[in-house]
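J.: Please find one structure pasted underneath; my questions will follow.
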Amino acid sequence: MAKDPGRVLIFDTTLRDGEQSPGASLNLEEKLAIAQQLARLGVDVIEAGFPFASPGDFAAVQRIAQQVGGENGPIICGLARASRGDIKACADAVAPAPKQRIHTFIATSDIHLEHKLRKSRKDVLGIVPEMVAYARSFVDDVEFSCEDAGRSDPEFLYEVIEAAISAGASTVNIPDTVGYTTPTEFGRLIEGINRNVPNIDEAVISVHGHNDLGLAVANFLEAVKSGARQLECTVNGIGERAGNAALEELVMAMHVRRRYFNPFFGRDEDSPTPLTAVRTEEITKTSRLVSNLTGMVVQPNKAIVGANAFAHESGIHQDGVLKNRLTYEIVDARTVGLTDNRISLGKLSGRSAVRARLEELGYDLSREDLDDAFARFKDLADRKREITDRDLESIVSVQVQQPDAKYQLKLVQVSCGSSLQPTATVTLADENGQEQTAASVGTGPVDAVCRSLNQLAGEPNELVEFSVKSVTEGIDAMGDVTIRLRRDGQLYSGHSAHTDVVVAAAEAFVNALNRLVAGTAGPTIHPQLDMAQLDSSPVH
């Protein structure tokens, strides 16, 4: 049997695989904020990025290793393909962390070998031990992944895993890269590895999976029963295509059904010892932070963290819950940190009180960003009677942005009505503080604002998404606007919140423009990386 740490290790890949969601690109400060909250959540491993892919990814992994990795904190991990350049860049990026891991991978399915890598099985069996050993020359903790393991020949998979462990891999990851397997199949795959890999007792079995058929969480739970002891997942289940296995669903499934899972760990059924190290009361806070910073809206009926997860519409259900919550609720909302979100902050509240509450919500702002956030808070307090945590989160998420933003919105003014042509006047300042003003007409006030901003910026783009949602209840609620722009096939998202949705739209558009400019101004590929080498993309 594989190594058993006595519980399930949670490997969070929100900052790597999660960021591969179209339009979910994060800047360095946003990644750092999420990493700090993941540490508070109690995950065991943070996969902070793919260092060789770009200078930005390298810098983010290095900064997280410096500021989040600690003796008592999570392992900081970077992803690397099975090549020396990737592995060296990864080693350099994670070096500042007291607990470091290199996660290297290569595809093992015949379809990937033939059409993507153009390599034989023999080639792969030669590459794997060489690259794992090379990674071990930098760190003691090496994880090896067999990309597309779910569609690989099991007998070949056993050979590859044995070779990786012999070369020094302490964790072997089994990815269902395209979300193809069913729970029974995936469980049998893990059982087969346990039975047929001679040295499997020297490594922890990890699993990674995508949700293309909606089975990722079910597959993982079956894998746990079969001996997997590390789960690679993302907050809110974000990720490539249909997403990844959702961290919050996995953790709470094992929390609520602990009596069911305990025997698979050799424990008494009634053992109260948690199956993960995750602090469940941090789940809601983490979910909201990731949603705010990525602009990826959580569907209302999403398990555990959706807006309706603890709502009851049916009269029969409402009656039962009022009599005893256990009649229709298997999870106490307080267990995942969901409480009354009204807070005692108002227009008389001071800067220190706001800072303290923001830190509780997972935001550690610089002095300058805190000043900006506090000014926005005071402005909102003058216009809105009650301030909630959701309001604060919406305010501050706007502040966590590129410090070298090229454009800053100075003025937005619109004129519209049932018998008027919608017109917008906007003033934009560049990085040198020079201001320019433009006016445009449009089909509506938001269209007119966007036309004016494009006229001033002169950055080619296509608006592919405009969405607005209410942050809280009430007619004085803030409107949270998300805008996505497309250029050269890449998506750039921006969002903002304001009681005036037209102003929020203007701010969100400028935020997206700044991301677009930052994303196209410099090299997106690591200087050492030959474009032809990118035939093996990190989507395992």
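Cβ from N, Cα, C; glycine included.
Because the structure is a prediction, the values reported are computed rather than measured.
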J.: Which one, Asp12, Asp17, Asp430, is listed by Swiss-Prot in the same Mn(2+) site as His208, His210, Asn244?
T.: Asp17
J.: Can you give me the average pLDDT across the region 'Regulatory domain' (408-540), rounded to a whole number?
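T.: In the predicted model, the region 'Regulatory domain' (408-540) has a mean pLDDT of 84.
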J.: Let me check the 10 A CB neighbour count of Asn244 (Mn(2+) binding site). How many other CB atoms are there?
T.: 30
J.: Go through His208, His210, our binding-site residues, and report the one whose Cβ sees the most other Cβ atoms within 10 Å.
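T.: Neighbour-count leader: His208.
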J.: Within 10 angstroms of the C-beta of Asp17 (Mn(2+) binding site), what count of other C-beta atoms is obtained when all protein chains are considered?
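T.: Total other Cβ atoms inside 10 Å, all chains included: 26.
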J.: Would you mind pulling the DSSP three-state label for Asn244 (Mn(2+) binding site)?
T.: strand
